[in-house]
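This is the structure I have questions about; it appears just below.
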Protein chains: 2
Amino acid sequence: MGEFDVIERHFRPLAGQDALELSDDCALLTPPEGQVIAISTDTMVENVHFLPTDPVNTLGRKLLRCNLSDLAAMGASPLGYTLNLTLPRGRTYSNEWFEAFCSGLAEDQKHYNIPLIGGDTTSTDGPLVLNATIYGGVKREKALRRNGAQVGDEVWVTGTIGDAALGLLALQNILPDPTGWLSTRYQLPSPRINLALHDIANAAMDISDGLVQDSAHIARASGVSLQINAHKVPTSSAADALGPQHLKRRLSGGDDYELLLCVPPHKTAALKAACAQHGVHVTHIGRVDVGQGVTVCDEKGQSLHFEKTGWQHF
Amino acid sequence: MGEFDVIERHFRPLAGQDALELSDDCALLTPPEGQVIAISTDTMVENVHFLPTDPVNTLGRKLLRCNLSDLAAMGASPLGYTLNLTLPRGRTYSNEWFEAFCSGLAEDQKHYNIPLIGGDTTSTDGPLVLNATIYGGVKREKALRRNGAQVGDEVWVTGTIGDAALGLLALQNILPDPTGWLSTRYQLPSPRINLALHDIANAAMDISDGLVQDSAHIARASGVSLQINAHKVPTSSAADALGPQHLKRRLSGGDDYELLLCVPPHKTAALKAACAQHGVHVTHIGRVDVGQGVTVCDEKGQSLHFEKTGWQHF
């Protein structure tokens, strides 16, 4: 089974019209009338972003969902994605492997209404590396940015925070996870796309490297400070069950792919309605203030110190 | 020096306006009026696509040029590119390394008029992996495809063929390369962009995996056969100097990034003029016929057999 057979057999069925059947040098993406193309790209490396023991059919889905989460953060609608596979040379990748990998992608492509439009397959002496670059459509003036947070805004997050970081430890047999909820949150995040928050939030980003570190990105880009109330940060019952000693890990752990939002108080009802329409829980966790950086306080108002605020690769 | 410092210090100066200063979740690419976005993506892996001994300032340039070559094949004009770096964890990447890497990119960005608009940086336990995804603008009806070759067309190639494959052997000290021409062709291909062949060629692609194999792609996509005259395939004087025993290697070796074109005979003058305007040599090497597949003949009309027609990763 050669490279071109694999493309023909496994990837061509995933390809949308813009892919030109994956048989040309480029895809041709048609921009929706009056919109710009939002572009994001993510690399996932075995042992860094996923585990060799993760089910094969979750690998492509996780990659796609992480990328979708970036579109969600900007308020863009999915148009297509390209996929780069870099496969270890020493291993045998069977038809069954590609079938599992692609069936996961097919499921998510359908769910999120996004086709494959191109890609590249290569080999390496190292671990498996997956890249996707994703394309969405958005009106330029409606794109959500990190730099729009205003003093007086309230800070909100979707979903629950810290599950993925605990899920990774569960998958490494360091923590228990009797329901499997935490592991699933690590393997299959839920990108919060199509919430239509462009006239509601002043600033948005997705939480990929950890709440505290990512809050600092918004603070810096907007020239403000963010005050986070640790006890207000929503936890899942699976995370709660592991006890309060994991608080800092939850607040600084990556891979949640929830949205961090700065919203003026008079837009609270609109925010809740927009999220409710998609069954997404949203929680008020702090406020935007003058100054710079991020302060995280406990319920007594004591500020918490983080040795590590989030993930950096080097 | 952390990940965010590297982005701020080394990559932000490369970023164009669409990059939003590399500080948001997505870039926002504005499609030129009336054009579609041509998208191509390439991965380069250390020891597979480049050598650990290659000069650092050529690495990003090679990646960018391979991608530009895909735009050239479709007749699209560069708009921007995104870059994914996956850096080995065990090694130290100094400021000097990033300076060299980025100065090469800066040079080519200027030469080819293309800005960086986004990217991702990650770490791996394996070798260095580089990806770029490139975006170009083209009118949909003007895009050059692989599937348009017509019986009676002549087959042409730009530049000289086989230099890069011999250059790789020279860099591995298997062949001599007294002028350095062959090694340079391996490390820094010359993408043939902006030739404006859309009303001249019926089919086009870039030769990345080897002339014979890539000719087969056009034959299959167009439902025709390609007849290549081996003795007409243009060689550089550096390749010539190594003797005729490398013929098959030249015809099946990858990494040339020249264009393979199928052109009706009455467009010969227009083809030559379009190429001459950019100082690009173009050579007639065969014809398009009924049937399927690729036949390569020597000057006596004997067909040559290839055990390996080109590169496949697996």
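Each Cβ is built from the backbone N, Cα and C atoms, and glycine gets one as well.
Given the structure is predicted, the values throughout are model-derived calculations rather than measurements.
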Pick from A:H49, A:H111: which one does TrEMBL list with A:D255, A:W311 for the same substrate site?
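So the substrate site in TrEMBL includes A:D255, A:W311 plus, from the candidates A:H49, A:H111, A:H49.
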With CB distance below 8 Å as the criterion, list the binding-site residues among A:T41, A:D42, A:D209, A:D255, A:W311 that sit near chain B.
A:T41, A:D42
Residues with Cβ closer than 8 Å to the Cβ of A:D206 (Mg(2+) 3 binding site), same chain and 6+ apart in sequence?
A:S69, A:D70, A:A72, A:A73, A:P191, A:R192, A:D214, A:Y257, A:E258, A:L259, A:L260
Please state how far apart, in Å and to a whole number, the two most distant Cα atoms are among A:H49, A:D255, A:W311, the recorded substrate-binding residues.
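In whole numbers, the farthest two Cα atoms are 11 Å apart.
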Which of the binding-site residues A:T41, A:D120, A:D209 has its Cα closest in space to the Cα of A:D25 (Mg(2+) 3 binding site)?
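When the Cα distances are compared, A:D120 comes out closest.
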Per residue, counting other C-beta atoms within 10 angstroms of the C-beta, which of the binding-site residues A:D25, A:D42, A:D209 reaches the highest number?
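Per the Cβ count within 10 Å, the most buried is A:D25.
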Count up the helix, strand and coil residues in the domain 'PurM-like C-terminal' (A:150-296) according to DSSP, in that order.
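Grouping H, G, I as helix and E, B as strand yields 56 helix, 33 strand, 58 coil.
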